[in-house]
Amino acid sequence: MNEDPKVNLSGLPRDCIEAGTPENISAAVPSQGSVVESEPELVVNPWDIVLCSSGTLICCENAVVVLIIFHSPSLRAPMFLLIGSLALADLLAGLGLIINFVFAYLLQSEATKLVTIGLIVASFSASVCSLLAITVDRYLSLYYALTYHSERTVTFTYVMLVMLWGTSTCLGLLPVMGWNCLRDESTCSVVRPLTKNNAAILSISFLFMFALMLQLYIQICKIVMRHAHQIALQHHFLATSHYVTTRKGISTLALILGTFAACWMPFTLYSLIADYTYPSIYTYATLLPATYNSIINPVIYAFRNQEIQKALCLICCGCIPNTLSQRARSPSDV
């Protein structure tokens, strides 16, 4: 009898296999009722744990923003509606990451895979579209500074919200409606069950929106520099003060756009060039920074906002600190 220690076809420990030798046959099979099948050990991918933890942090942060905007009647301006849309999208994205972890290890089925990927695609798409809508709102509020705050602006904001959530929902429904690779693995992208074509459309759409945001922020920088120069002339500020204020505004815009690109660009480019045959570690390594964007968004767009800070202080302690009530708005607050 030739025994190969490298092959274990039964899936049982080695001492159970050795019990099947002739000298141990009586001990190996005492009776039919005493045979116990061993259950396969559940192995959890550390990357999935990190993604689930990231989703939990995303949910906690953005839930606070959603509650603040919903609870405060004063936060009903178009800007806060768009910030609320961004927070809601990121909240759903974090929830999707948590559900994906639960379904992947407890309720594995084709239906749960499609529902989870649909939720994640729709929520992250809504998040990116909300960022673009916020950029458009900032540009228009500076370009039409005297006439932007009107009923017409509110209507335009609602139209943008309906369009971005409608488009994002359609993108999320594509895998559920049949555009997936569950039946043909050769068409899979780096994120199963998304097809390669589906991932390419999402990536190209992101690059288009990033280019549009870049162009808008360049125009915003020009407007901020012009406004800061006019304010300096009217109030007889020193050139140094004008330079510092303008530099702060441009630095803020560079931080916003740079963070967005650093988080999403690696996964976007990787989705275009890679497919399901590539090692999954590359997918995790590029997808994880994309989730960090939803962690950073509340800090950049919500918690830095003076009105949201006031509302948060009112909810938590019932008062507004003097530093917030006396702070003047400057051109760097864009």
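One-based numbering along the chain as shown.
For all residues, glycine too, the Cβ spot is worked out from N, Cα and C.
What Swiss-Prot says about this one:
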- 1-48: topological domain 'Extracellular' (TOPO_DOM)
- N8: N-linked glycosylation site (CARBOHYD)
- N24: N-linked glycosylation site (CARBOHYD)
- 49-69: transmembrane segment (TRANSMEM)
- 70-78: topological domain 'Cytoplasmic' (TOPO_DOM)
- 79-99: transmembrane segment (TRANSMEM)
- 100-113: topological domain 'Extracellular' (TOPO_DOM)
- 114-134: transmembrane segment (TRANSMEM)
- 135-158: topological domain 'Cytoplasmic' (TOPO_DOM)
- 159-179: transmembrane segment (TRANSMEM)
- 180-199: topological domain 'Extracellular' (TOPO_DOM)
- 200-220: transmembrane segment (TRANSMEM)
- 221-252: topological domain 'Cytoplasmic' (TOPO_DOM)
- 253-273: transmembrane segment (TRANSMEM)
- 274-282: topological domain 'Extracellular' (TOPO_DOM)
- 283-303: transmembrane segment (TRANSMEM)
- 304-334: topological domain 'Cytoplasmic' (TOPO_DOM)
- C317: S-palmitoyl cysteine (LIPID)
- S330: phosphoserine (MOD_RES)
- S332: phosphoserine (MOD_RES)
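Counting every protein chain shown, 9 other Cβ atoms lie within 10 Å of the Cβ of C317 (S-palmitoyl cysteine). Highest Cβ contact count with the transmembrane segment (49-69) among the listed stretches 114-134, 159-179, 200-220, 283-303 falls to 283-303 (criterion: pairs under 8 Å).
Counted over residue pairs 6 or more apart, the CB atoms of the transmembrane segment (283-303) and the transmembrane segment (200-220) come under 8 Å in fewer than three pairs, which marks the two as apart.
Per-residue pLDDT, averaged over the topological domain 'Cytoplasmic' (221-252), rounds to 68.
Listed as Cβ neighbours of the topological domain 'Extracellular' (180-199) (distance under 8 Å, sequence separation of 6 or more from its ends, same chain) are residues 110, 113-114, 117, 121, 174, 270-272, 274-276, 278, 282-283, 287.
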